[in-house]
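Have a look at the structure below before the remarks.
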């Protein structure tokens, strides 16, 4: 280590003599899925060529819950090995103390981004992270199958159920025993919170905890929405869906074994890859709406950001890296190669982007329906709130009690957790 | 009479001499043990004491050092409502905790029992003389040699409901009619975890038992054979009693391991209430939920439960670690 430092020091002094900026060794952690890591590497190579810094990627498991546990541990221990963290949109309020304030560094670029996203990363006036891309899920559907059975794209969950069932039965009768109607993320983890929030919200059942902190989850519309989803398991969705995260559902979908899938935009580019069984056979639409009062299509707001650890040994270079990853150039590449949604409004009208991912034009509409998870009102309790919620939903999906029973218990648990205030 | 006095007279100084020597030896042993005790105190004792300390505070990960002492609040606290009803809160009345305790105990008892029986069978087979015994002995250790994370991932894919090989084999054999969601369904999640754990640790059990089997002198069996004792009777009357000390030690090692099971479950069925064990729940509270003190209380109780189980086991099974029965 000392030798390494010495070498770095020597190299640095050489470059200093040469008149160039000091080269830093940086490390970034990322739990990206699919081809995300390879893409990140290709961008970092550019960064290295531009600045002379070297950047190491530390890969992490793709489950956001797993990543969060690890990051929290590292940050609590004041880990200096990691300079830049890729952070989920919901983490800002929980990790705000451990990251550097980027308000000043990013003053010149914040205006390019969607204000709502910048706001989600601002905690008590401190800009915790810069947005790298945003995310809102969509309904992926098989154009070839819908055409074959003369069906239109479902706009309500009831239509989806009906269409899925009919096509699934038809395809099975023709010999494809592995055919399913709908796959989503049903494992007991953060992803289920996103899925279930959409069911509940699209059925007029509120958003678990409202912006003012009131616990709203125990209502009839919410219960009806969760009960409906429980009815899918074993009928239009495989029972194994209870253990699926994003990648497992994409696995089933990309083998051509499902009519519909709820997933994030990253699955679009991968689904059109050369090794995909559904290449050019699918399209995306906003998620269906429910039929309760106030029902509308709802999409959970996701997205990833880059934050700089306050324990970084070279904060200046680290901030430079964070700004690079949030820059329009990288976001454009990302949109084209990874079908990740840019957080920069202007890119939605960019010709190159729209040519590579024509579906992005529709995403403005999905964006308008985007629902934030209740991470802002519940603050540091968010993870526990989310865990209680996904457990209640997972119990219902697995057949342990009805939605009404489980949501009533959930309300009691949340009230206990809230105590005198979040 | 004279001889007796003489022998006592001679024995007395010899005993004194021996105890002098013993004293020296004990003193030397203490010095030799000191580095190990110091190392243990640093890597095991200190963290343990700190965890116990944290369980009596309101510590959170973001502010570990600014915590305040709150007594037994994390374990049990109560508030009296205006109506006069008493509401209890804390770990001792937390259903999630007792569910985890139940899961852990169930897992430990079932896995260790099955592993003991299977391990015994494997050990008996390996103890017999046959061609290629060396290779088989080495091969059977492979599951034990694979890191748990790797084997858990591997089994996770094998048990996958849609593209897993287990379902494929069972379907082709006609044993099941539809694909089973092994790790997803709460009915089969625990079974899946048990299968993987048994697959992984039976070799360890077999190895320890095999060591015990090889200590049994061959001539006892020869004598039994001459007397015409049935092989099954030989097993229960000769093998089992003689291998018992080794078996008991093997079981206690496994039991300690099983009671703090974490990695396998964390990888295979994370967050499933049907398989959440004490360690998994403690980690979740420590790091995910920012309930550092509450998680520390769980760790402390986990420690106490394991200690209690071990004491019970040693007491009931009359295990002695210096070999032989009490």
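Backbone N, Cα and C atoms are what each Cβ position is placed from, and that goes for glycine too.
When the ranges B:138-158, B:159-179, B:264-284 are checked against TrEMBL, the one recorded as transmembrane segment is B:138-158. Panel annotation: around the transmembrane segment (B:234-256), residues 108, 111-112, 115-116, 119-120, 124, 201, 204-205, 208-209, 211-213, 215-216, 220-221, 224, 306, 309-310, 313-314, 317, 319-321, 323-325 of the same chain, lying at least six beyond its termini, place a Cβ under 8 Å from a Cβ of the stretch. The listed stretches are B:28-49, B:192-213, B:292-316; of these, B:192-213 has the most Cβ pairs under 8 Å to the transmembrane segment (B:105-126).
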